[in-house]
């Protein structure tokens, strides 16, 4: 294999792939992905700009929404270079170290999104279950600390990944199954003892997705208990309505993750296109839909955008 370093069996470059079975229609695929990126990047930038500009949105809920939008921008931008290279310019190579850097950022932003959704569920829990102390509990300082904690947790837990991958020899080729670098994809072409990578990968998934989703469910169980104790049906509906946007964001994020895990575990003989498309859904759908969800379901966000449009 000419592209390999004989001293440690590491490829100088990895070969990225498009979507299996859609090679003849990659022009249309490129157009679709370009629209997804435009919607995602434009929508999240609009949310960030609106929260910064409108003083009425300088509240904990919208600060957390800004964190979510900023993180979704990170997810989109971390996949953008190789996706555009693969589908728009037919450039399918990525350097070994560059691939590890992309892998680190994709997974870090993904795990950060889970933490931000947990923080947003805590925000809703405090707003509904302890509304009189909402402003004193969720101060600006505490929100900043929560954001930095989420960042530090994701960075520290993902930091060993590139080094764990770099120590491995790659003797099964250098062709990856996606147009971006993911840890499970790299493990498929690695040889040698990958048990440490798999065990640590499982630990990180449980420590992030598992713990975060458990506490999100617990938050909503307590929210539901508090809402059912409200005598007025109108007030119940009003309280639950403030959670709709967040519930949709949680579902948009976790349902593709669960689907990918189920396919990998119970449908291992699924066509390659199924695995690739589900991974694309997992990475591209949440950053695209989150701005739309909050713009449609949150009255204050709608008002902010209408106010800006009326001024222009």
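For all residues, glycine too, the Cβ spot is worked out from N, Cα and C.
TrEMBL labels come from automatic prediction, so no person has curated them.
Predicted, not measured: the structure shown is a model, and the values here were computed from it.
Annotated transmembrane segment per TrEMBL: 28-51 (among others), in sequence order.
According to TrEMBL, the domain 'G-protein coupled receptors family 1 profile' annotation covers 43-294.
Residues or ranges marked as transmembrane segment by TrEMBL: 63-84 (among others). If one looks beyond the transmembrane segment (63-84) by at least 6 residues along the same chain, the residues whose Cβ comes under 8 Å of a Cβ in the stretch are 16, 33-34, 37, 40-41, 44-45, 47-48, 51-52, 94, 102, 105-106, 109-110, 112-113, 116-117, 119-120, 123, 140, 143, 147, 150, 179-181, 249, 283-284, 286-287, 290-291, 294.
As annotated by TrEMBL, transmembrane segment applies to 104-122 (among others).
Sequence annotations record features per position, and here TrEMBL assigns transmembrane segment to 143-165 (among others).
According to TrEMBL, the transmembrane segment annotation covers 199-223 (among others). Cβ atoms under 8 Å from those of the transmembrane segment (199-223) belong to residues 111, 114-115, 117-118, 121-122, 124-125, 128-129, 153-154, 157-158, 160-161, 164, 183-184, 239, 243, 247, 250, 254, 257 of the same chain, restricted to positions at least 6 beyond its ends.
Listed by sequence, the residues of this chain that lie at least six past the ends of the transmembrane segment (244-267) yet keep a Cβ under 8 A from its Cβ atoms are 68, 113-114, 117, 120-121, 124, 184, 209, 213, 216, 220, 274-275, 278-279, 281-282, 285-286, 289-290, 293-294, 297-298. Under the heading transmembrane segment, TrEMBL lists 244-267 (among others).
For 273-293 (among others), the entry in TrEMBL reads transmembrane segment.
Same-chain residues lying 6 or more positions outside the transmembrane segment (143-165) and placing a CB less than 8 Å from one of its CB atoms are 60, 63-64, 67, 100-101, 103-104, 107-109, 111-112, 115-116, 119, 183, 186, 190, 196-197, 200-201, 204, 207-208. Below 8 angstroms of C-beta separation, residues 61, 64-65, 67-68, 71-72, 74-75, 78-79, 146-147, 149-151, 153-155, 157-159, 161-162, 180-183, 204, 208-209, 212-213, 215-216, 219-220, 246, 249-250, 253, 283, 286 of the same chain, each at least six residues beyond the ends of the transmembrane segment (104-122), sit close to that stretch.
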